[in-house]
Amino acid sequence: MKQFIVIGNWKMYKTFTETLNFFDEFAIEYKKFRKANPQLIPYIDNNVFGVAPSQCNLTAYFTNRVPELKLCSQNMSKNEEGAFTGEVSARMLQDINVSYALCGHSERRRYHTNHENDESTHLKIKQSVKYDITPIICIGESKEDRDAGRTEAAIHKQLQILLDEVNIHKVIIAYEPVWSIGTGITPTPEEVENVSALIHKLTSPEVPVLYGGSVNENNINDFTKLPNLNGFLVGSASLKIDKFLKLISVNSDGIMPK
């Protein structure tokens, strides 16, 4: 049975109260969903899933009653500690039971171009690994690189910088095709598979590769049979409990919820 990793990136949507409500309601609905879909229990139990609330809402996770639901941070500081107002370190995140951290997300790179690049992301990755938080390293080629046929070169260059002196068996790679953001154009499963296979070739077949790009409960099954894909980084589709439950029960056998 193939294991899938499903991480819901909540971006800047839920308030602290809404986050508390999600964890409370999720515990109830998760139990109901399992009871109503016994055919999916083996897949749910085999999968790994979590959510990434906003930084100020991470401690709401203390009310979570579903141990299988892991906590992910949307970002972290490249520095260990010091006079860095507004920053949150890996050491701090470890102390509140954060299991995963997004590193180098495309939106961070886009809106913070002076500070978010491969070099700063590399430092975040090293901090994450040091404090036993699994970094979810976001990479992807630009439209210019894609149009010029430089996808492989772009991915290779990113990985060379991001994984320098990093234990690759302690990381997850998330492929975000930058060229598709805001264009209405999404990559085909074949394109996702090609890049996923490339990432495995450049790293190791044991490194989990996720796909992040307008994934939802309606199209996720288009990607589940890709041999080199190991999971999904999901955006707005993870905000609603009913949709998220369908996402975390994803499997390559085509078994659907009732």
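Glycine too: its Cβ is placed from the backbone N, Cα and C atoms.
Over in Swiss-Prot, the protein carries these features:
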ACT_SITE  His105  active site, electrophile
ACT_SITE  Glu176  active site, proton acceptor
BINDING   Asn9, Trp10, Lys11, Gly182, Ser214  substrate binding site
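Taking the features listed in Swiss-Prot, we show where each one sits on the structure.
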residue	record	contacts (Cβ under 8 Å, 6+ apart)
Asn9	substrate binding site	Ala52, Cys72, Gln74, Leu102, His105, Gly212, Leu233, Val234, Gly235, Ser238
Trp10	substrate binding site	Thr19, Val51, Ala52, Pro53, Ser54, Gln74, Ser238, Leu239
Lys11	substrate binding site	Ser54, Gln74, Glu107, Gly235, Ser236
Glu176	active site, proton acceptor	His105, Ser106, Cys138, Ile139, Gly140, Gly212, Gly213, Leu233
Ser214	substrate binding site	Ser180, Thr186, Gly235
